[in-house]
Each structure stands twice: as structure tokens, then as C-alpha cells.
Amino acid sequence: MVNDTTHHYISFFYLVGIPGLENFHYLISIPVGLLFLLTLLGNSIVIATIKLEPSLHQPMYFFLCMLAMNDILLSCSSSLKMLGIFWFNEHWIEFDVCLTQMYFIHTLCIFESAILVAMAFDRFVAICIPLHYTTILTTAMVIKLGVVGLSRALLMVLPCPLLIKRLPYYTGYIIHHTYCEHMAVVKLASANTFINRAYGISVALSVITLDIWLIAASYIKILQAVFRLSSQNARSKALGTCAAHVCTILAFYTPALFSFLTHRIGKNVPPSVHIILASMYLLVPPTVNPLVYGVKTKQIRDRVLSLFSHLKIPEY
């Protein structure tokens, strides 16, 4: 008897887009396209500003550069296929290309979470032990934190596509999603997927639990240090340096939380809502982050305004 379970009879998947809203894909493509353009523009400006301004060559802004580059890659990994579906009806995607997209999207999401943890650590050191800031957060330490965060993401997500490659795909090829999401792909397999589902959930829970705990622990220590300050002005200044980071944390984890809850608990929630929330999780934070840091960080705001002031057309 020939064992066919290692052969993938399906070589293509069909990405539906947003189920039930196929007739509105052209309209939906407008905000998706705008978010994509704003992500590229905003994050490119942040990276260029930090590169050109020597006073911004500090650990906090190096982490911000990592975040901006990660957001550009995350947006490209998801938005381009979405726009292909919405504009050109390019619903088909090759099996291996689908797994590649899935790998990059989930890896970049986990790396983004690691960057937010590193930024929380940066604020903790700056506020709680400022005298040791320059000795602890050296350029080498920033690079190490980035490499550790990226390595964790790469290694944690790697088993997902490898485990999927072991599954047989005979008949199920329609993915009711705008991109190749891990669980959406796993559900189509013609075999028991307990290991895949268990691993996927364990990775998600371990990353979210650990990272949120580390961020929360950092901010508890930060608040304790801030409220020990005697001057109200010093308190406001210390908390002001954390404002942009807190907004970024909320922008990243809030859509993720809503998406997770509606997927696990909201059984009566329409599929289109699930897909929209999951898509917003990939589209909104990369757009919001440069806007938040551009508005909340004085050095970046002043540098960007000075650059644009030099671009003014002279009056005659």
C-alpha cells in the first residue's frame, strides 16, 4: 500500500479576501492602499531623519529605526497581496509562496513585539538607573538585543511551515482570508492537525504572555521611580518620554487582542469581522507608529519640520 500522505496534491491556494464583501473589494482597497502608502512614507521619513540627525544617534532611536524597518517589511508582506486581490482579482497563490508569506508575517509580528520589549527596557534604564544608561545600553547591547529578538522570531515560527509541509492537502484549497494566516492554512489539511494547532497557540500565548509581562514589569518600575520624584515638572518630563512608546504598545497589542478574542470566543461574529480585525492588526500599527513618534518626540518633529521648511519654494 502506497503512503500518499507526504504528497501535496494541491499546489495553489485561493485567497478569498474578505468573505461576504467581495463586491466591495474596490472600495476596501482605498483605505488599504492609503495605509500602505502612509506606512512607507512615514517610516522612511523616520529612518532618514534618525540617520541624518547626529543628536538622534541614541539607543532609543536605534530601536525606533528597527521598528520602522520592521513595519515597512510587515506592510509589504501583507498589503501587496491584499491589493492584488482587491484590484486585479489575483486570488491564487502558490503553496510554497503562501507558506513563505505566512512565515514572514508571523516572524515580523513576533520581532515587533520583541522590539517593543527592548524599547520598554530602554525607558526603564533611562528613568530608573539614568547614571548607568550609557554603560548599559551601548551600541553593542542594542545590536545584541536586536539579534536576540530576531533570532527568537525566526526560530519560533520556523516549525510552522515545516509542520504544514508534512500535512496532506487533497481537496481544501480555499482560504477565507486576505493573507496566508497560519490557522487558516492548517484547517484545510486532510489530516489530524492537533500538533500544528497546539504549536501555533503555544507560540502565540508564550510570546504575548512573556512580552507583555516584561513590558508591564518595566513600567511598574518606571512608575515607582517617577512617583518618587519630588518635582512635578520632573515627573511630567519622565512620563513624557514614555508617551510615544505606550501609544505604540496600545496600537500593536489592542488589535491583536480583539482579533484573538473574536477568533476564539466570538462564535457569532461574522467571518468578515474576523478578517477585517486580523487585517487591521497588520495594517494599522505600521501606519500609526511613525505618526505617534513624529508627534510625540520633539527631536524627530523638529528635524522633520526643518527639512520641510528647506523644501519651500522661494517667493519672488
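Cβ atoms are placed via backbone N, Cα and C, with glycine included.
No curator has checked TrEMBL annotations; they are predicted automatically.
The range from 24-48, 124-148 that TrEMBL describes as transmembrane segment is residues 24-48. Across the candidate stretches 24-48, 60-88, 100-121, 198-217, 238-261, the maximum count of CB pairs under 8 A to the transmembrane segment (273-293) is reached by 238-261.
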